[in-house]
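See below for the structure under consideration.
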Amino acid sequence: MLVLFVATWSDLGLCKKRPKPGGWNTGGSRYPGQGSPGGNRYPPQGGGSWGQPHGGGWGQPHGGGWGQPHGGGWGQPHGGGWGQGGGTHNQWNKPSKPKTNMKHVAGAAAAGAVVGGLGGYMLGSAMSRPLIHFGNDYEDRYYRENMYRYPNQVYYRPVDQYSNQNNFVHDCVNITIKQHTVTTTTKGENFTETDVKMMERVVEQMCITQYEKESQAYYQRGSSMVLFSSPPVILLISFLI
């Protein structure tokens, strides 16, 4: 009987020591900021505000900005830049370096492009070499067999820098033959007197064609400027604006 009494008394003592289940504001509030004696489930630890377990801002478990679990910028879990998980990784938004387009590089030598190192000369469009008769069968045959060795483009300056066609053509022939001769000679090919004579005739015809083309374009540009600078056109444009 004594043993049974002692066991019963021990059970009653243990029951008194067991905590009661948490009710409203008792021993373990389910909601923050209610000051329950047992502490709530979302305590402000480390001096931070609501939801700051380590002193950061709202939703900052380790002191970073909004949505920054480890101190980085917005969307930066480990301190990198925007969209950068670790500073240098995951840079999906970084633009790729543009590649050089060789077509644009080649286009620099197209018709009308200013040639560097030639004092403002431009290189004309490629032309078909003219069919020229030199007055004897030998030279005619020689030309047909060697015409591919002669220039098919000419160097020239703008037509407004010359007082007449003859000056334009003379300058065009000299600079074109000089450049072609120097370039070809460096490749180990030499020209005879017959070659020079034929080149002069060929290049002269091409320079005349280039002058006519450039003169027509120049006068068309001038006509357009005169048209748009006339008072009626200016008045019409101002009315439309």
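Cβ from N, Cα, C; glycine included.
Per Swiss-Prot, the cysteine from C15, C172 that shares a disulfide bond with C207 is C172. Within 10 Å of the C-beta atom of C172 (disulfide bond) sit 24 other C-beta atoms, taking all shown protein chains into account. Spatially close to C207 (disulfide bond) yet at least six residues away along the chain are V154, Y156, F168, V169, C172, V173, T176, judged by Cβ distances under 8 angstroms.
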